[in-house]
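Peer 1: This is the feature table in TrEMBL:
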- 1-15: compositional bias 'Polar residues' (COMPBIAS)
- 1-29: region 'Disordered' (REGION)
- 168-457: domain 'CDC20/Fizzy WD40' (DOMAIN)
- 213-254: repeat 'WD' (REPEAT)
- 296-337: repeat 'WD' (REPEAT)
- 426-459: repeat 'WD' (REPEAT)
- 464-483: region 'Disordered' (REGION)
Amino acid sequence: MDDPTLSNQRNQSAPATPRLNLPSRMSDSSFHLENVPSRSMHINRLLNSSYNSSPSRTIYSDRFIPSRSGSNFALFDISNSPTSAEGKEDGSGTYHSLLRAALFGPDTPDKKDPLGPPASRNIFRYKTETKRPLHSLSPFGLDESVPGISHSPVKAPRKVPRSPYKVLDAPALQDDFYLNLVDWSSNNVLAVGLGNCVYLWNACSSKVTKLCDLGIDDSVCSVGWAQRGTHLAVGTSNGKVQIWDASRCRRVRTMEGHRLRVGALAWSSSLLSSGSRDKSIIQRDIRAQDDFASKLSSHKSEVCGLKWSYDNRELASGGNDNKLFVWNQHSTQPVLKYCDHTAAVKAIAWSPHLHGLLASGGGTADRCIRFWNTTTNTHLSCMDTGSQVCNLVWSKNVNELVSTHGYSQNQIIVWRYPTMSKLATLTGHTYRVLYLAISPDGQTIVTGAGDETLRFWNVFPSPKSQNTDSEIGASSLGRTTIR
């Protein structure tokens, strides 16, 4: 029955408004419909909970709203009592609180949205058999600053074995910072210069082969595998570079050009670069009859580090003059010069992950690893390692690198780039760790020192899984001799 007072006020301007069929416990104020001159007034009345009308008034509508009196509230874990929601926060409120904390911080006051949903629970809500953690409601994941939320366990950092899985005796392995006597081929064969001989160790079969003997008047100063195939370059103390076919143990040719020992070698396809104590770098095309194509003479002391970039466009050279130079394929003068190191620069490594990213390490008086962007010609960062940096190599599987060190700690460090946080520090060598090479699968490194040992370490994960052991690392721990 209509309210007589309200009916008398409105019967002159508009006919009686139909009433919604609502449960007795719900107020019809939020659903009151009538003809109003303005659409905005109609919306405001729908949203304004303070708008009151007579509860005895009957309103009819063409919209069906089911009565909740017959609903099974226990099925949805919701009480039919209007006071059941008091004292505990509903799911929507929890979500809004988490969202507000994620966007504006945990100290943001809880402001009630006047246009937001009513505080009562919605019956049409899914009930899950297992309760979801509160942080799963946040669209931004975990936030440690939000109190009262249990977080899922953080993934443990990758563990690097602290001991080598294999040790090889390497008699007569020289303790000379300026030499490069160890290299690992794409065919999984390790080349080592011992005295005046070069030995090959097959990582799959552990077979040792003597490749060459330079004689009593000469000695091996550097070895370097071609990027593909079985050709090995050998730099000698007499200033010559020999090319050997390792598959047939046969010398292909001997090239001259240097006056003093050749301590650094770097391949770029068929182009071979050699650095010498005579301060020069010689570029050689092994397909041509001439011994060399060009000579680069910008260093003021012995060239002890050489590395081509992965795209074969840039050559980085380091010398005992504390300089780091970058050359292109056709330049006779360095296109970039870096003079920040205060000691000899032997350790050089190009990143396989980012074009133009170059790492370099200085000797005893410097002890720093520096990073350069050769594309923009900028110095990116510097890390003081506390000891002589002898070698650097990047992982091709993850954005990490390894450095080997001499005075005074003789350690091997695995770094995560770009944070330069230490993943592991490996010890075992009793002399400077002067030699370093990485396996073709990118998981294993081999280190050599003046203690006449070669040690094999599993330091990097495989490209597919961090828990997969490499083919090389599957061998059991043992100690043999490479001769």
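For all residues, glycine too, the Cβ spot is worked out from N, Cα and C.
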Peer 1: Helix, strand, coil: count each for the residues of the repeat 'WD' (426-459), based on DSSP.
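Peer 2: The breakdown for the repeat 'WD' (426-459) reads 0 helix, 19 strand, 15 coil.
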Peer 1: Should anything in the same chain at least six residues away from the repeat 'WD' (426-459) have a Cβ under 8 Å from its Cβ atoms, list it; otherwise answer none.
Peer 2: 160-177, 179-188, 190, 192, 203, 388, 390-393, 395-397, 402, 404-407, 409-414, 469-473, 482
Peer 1: Could you put numbers on the helix, strand and coil content of the repeat 'WD' (213-254), residue by residue per DSSP?
Peer 2: 0 helix, 23 strand, 19 coil
